[in-house]
Structure formats: structure tokens, C-alpha cells
Amino acid sequence: MNAQKGFTLIELMIVIAIIGILAAIALPAYQDYISKSQTTRVSGELAAGKTAVDAALFEGKTPVLSEESSTSKENIGLTSSETSTKPRSNLMASVELTGFADNGAGTISATLGNKANKDIAKTVITQERTTDGVWTCKIDGSQAAKYKEKFNPTGCVKK
């Protein structure tokens, strides 16, 4: 009697089916993980802008996105160069700074795009500052293709 060497075709097909089922479950979970990590990353990058805004306001300067010759304005460092308004982050399509001049209240907003996951592209993350210096993170995923609440970074509320 000959001893069997190797696997039968049925055994190999079962292994391939199991691998396919595991991949079908794991891939969407991985995509969700990527989306959550990207929104969290952009929120963290905007947090660096919050610190720069607070420092500029403390010094009596107006925060801006690009370098200006005026000594009363301070670049907060979210753009790629001193003369550009293009975001440093490859996940952001745009970054905007509004307010801050009169009473210290204002917003820093970033729209996700470029290299961001397709499910979260066009999501807007906003850091809002009150006149008291309190910051609030808000996120608006209504323009994104498949935005889910679980993509919200910790501490960000739905806009």
C-alpha cells in the first residue's frame, strides 16, 4: 500500500475557501481602520495649528497661513511654504483660517482629499476657538462618499 504524500485537491480547495472568507471579512475592517487613522491624523495636525494660533494671539499677533511682511501677523505653519496656501499634509485638499483678528475667536478648517481614503475624501474637520480660548473639534462627513460615525477622531463631534 502506498502512503499518501501531499494534500488532496479537496483539502487545498477548502484552505483557499477559508482564506477567501477571512480576506472578505478583514479587508473592509482594514479600510475602516485606515479611514479612522487618517481623520485622527488630520485632527492632530490641526491641533498643532491650535497651539500656534494660541501663541500668536498671546503675543498680540494675527494668525495667518502664509508668511507676510507685517510684524503684526504670525504664520501658524500649516501650509507647505511661506508663500503658499497649499497644506503641508498630503491628506488635506485645503486648509482655511477664518476669524481670530478681532476678538480671538475663529476657526481652522481642513478638507480631506488628495491621498485620503476615498470613503472620507471631502470630509471637513474644523477646530473652533471661542473668545475665551476654548477649542472645539467638529467634523462634517456629509460630503464624503461613505463616511461613518466611527471615523470621528476622539474628541470631535459631528457638525
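Backbone N, Cα and C define each Cβ position, glycine as well.
It should be emphasised that the depicted structure is a prediction, and the values quoted were computed from it without experimental measurement.
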Residue carrying N-methylphenylalanine as stated in Swiss-Prot, selected out of PHE7, PHE151: PHE7
Distance [Cα-Cα, Å, rounded] between PHE7 (N-methylphenylalanine) and CYS156 (disulfide bond): 53
Cβ neighbour count (within 10 Å, all chains shown) around PHE7 (N-methylphenylalanine): 11
CYS137 (disulfide bond): secondary structure state under DSSP, collapsed to three categories: strand
Assigned conformation of PHE7 (N-methylphenylalanine) - DSSP reduced to three states: coil
